[in-house]
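Undergrad: Pasting a structure here, questions to come.
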Amino acid sequence: MGILLIGMSHKTSPLAVRERFSLSCENRDHPLDRIRQMPSIREALYLATCNRVEVLVSAAEEAEQAVEEGLKALMAERGGISGQELERCLYTLSGAEAVRHLFRVASSLDSLVMGEPQILGQVKEAYREAVEHGVTGILLNRILHHAFQVAKRVRTETGIADNAVSVGYAAVELAKKIFGRLDGKVILLVGAGEMSELAARHLLKQGIKSIFVANRTHARALEMAEQFEGKAVVLEQVPEVLKSVDIVISSTGASNYVLTRDMVAAALRRRKNRFLFLIDIAVPRDIEPAAGDIDNVYLYNIDHLQELVDENRNHRLREAEKAEAIIEEEVGNHTAWLSTLDVVPTIVEFREKIEGIMKAELGKSASWRHSLSEIDQRHVESLMASIVNKILHEPTACLREQSRNRNGKAYAAALRKLFKLER
């Protein structure tokens, strides 16, 4: 049996193509229902996310070409695109390369945002669906569980998921460094920019107590306040609101400063000098830089956040090198296990034959064994079983070892001939 993987990802295909393979579309059968009917395919996994669509199957090695063509035809039909158009988007991997790719995917090394945790859950969900459809067996079960173990090892032994790699998450990271805990804090959004909205969403997930939204257009402020279950205010109210907020995210890009040093200083006096975290992601800047010189005020602009993001991204790239080494080691372990499958039937038959001889000889001794006590009879049986295990140990260990060196089939054939094993 061989392993074959066919797929496309954000690296090889546009979203307009990938979304055609979504599992969420109504009135569509699951691809596994079709794949399981294809000749020569024994096991299958179908993974469909926003950023990738992949089919992993185990099939007879001699039928690999036909299986590949069949899967591509099925994907073209499902996506409603020509085979030629689909071919430009696809990659095809087999054997150890397919296993390596799956390990990298599960470990988030192949993700759009390297280190993100969602992909592992998506792979587990795809595996659950494959199990429910009855299209998994010894090979895919082993590979998938191994992939989960590899992903866990990568996450615990490297810093691949450490630190923020988006401006929104960078804002959360900085806020945590300043305040420690964010639950109970209050946010003021000034302006309705996309980045400020994303930053606010990330902060709200940390248990933020409430949010104020100020905008030049009050209708837009009301709209955003409704999204965040907050309160809309006009820009003129910002100096007054400053006294009661902990975090300000500003993104108006106005020609003049929306928050001046004097406004911030006045607010600090009324706040009894509680910390104030100002995030200015506007271009041109919304907050007068001198405001950052005030005690207990922490001012960061878009360049500061981007520097942090770049530093964190470089850190993840360094950690990715460690992760790749782990994956190479685990691919080697999988290959070693896979090579033993060729000799397993011989080992099983060898054990059955030797145990059969033992049972036959014990049967011949039934007449005199009856004169023994029950305890002594058990001792005899235990002794015979121990002798069998010792006889079996060296040959089977040698056979497994040689299978890892790709000599397994030759040694298995020799063992079968020596002991006249049937199959």
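Just so you know, glycine gets a Cβ as well, placed from its N, Cα and C.
Pasting the feature list from Swiss-Prot:
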type	residues	note
BINDING	THR49, CYS50, ASN51, ARG52, SER111, GLU116, PRO117, GLN118, GLN122	substrate binding site
ACT_SITE	CYS50	active site, nucleophile
SITE	HIS101	site 'Important for activity'
BINDING	GLY191, ALA192, GLY193, GLU194, MET195, SER196	NADP(+) binding site
Undergrad: When a 10 Å sphere is centred on the Cβ of THR49 (substrate binding site), how many other Cβ atoms does it contain?
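TA: Taking all protein chains shown, THR49 (substrate binding site) has 22 Cβ neighbours within 10 Å.
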Undergrad: Please report the Cα separation of GLN122 (substrate binding site) and CYS50 (active site, nucleophile) in Å, rounded to an integer.
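TA: On Cα coordinates alone, these residues lie 10 Å apart.
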Undergrad: Let me check the 10 A CB neighbour count of GLU194 (NADP(+) binding site). How many other CB atoms are there?
TA: 10
Undergrad: For the recorded substrate site, enumerate neighbouring residues of the same chain (Cβ within 8 Å of the Cβ centroid of THR49, CYS50, ASN51, ARG52, SER111, GLU116, PRO117, GLN118, GLN122, site residues themselves excluded), in sequence order.
TA: SER108, LEU112, ILE119
Undergrad: State the Cα to Cα distance, in Å, between SER111 (substrate binding site) and ALA192 (NADP(+) binding site), rounded to an integer.
TA: 29
Undergrad: Identify, in sequence order, the residues in the chain of ALA192 (NADP(+) binding site) that are 6 or more apart from it along the sequence and have a CB within less than 8 Å of its CB; answer 'none' if there are none.
TA: VAL213, ASN215, THR217, ARG220, ALA221, MET224, SER251
Undergrad: Find the longest CA to CA distance in the recorded substrate-binding set THR49, CYS50, ASN51, ARG52, SER111, GLU116, PRO117, GLN118, GLN122; express it in Å as a whole number.
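TA: Looking at THR49, CYS50, ASN51, ARG52, SER111, GLU116, PRO117, GLN118, GLN122 as a set, their Cα atoms extend up to 15 Å apart.
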Undergrad: Between the Cα atoms of PRO117 (substrate binding site) and MET195 (NADP(+) binding site), find the distance and write it as a whole number of Å.
TA: 22
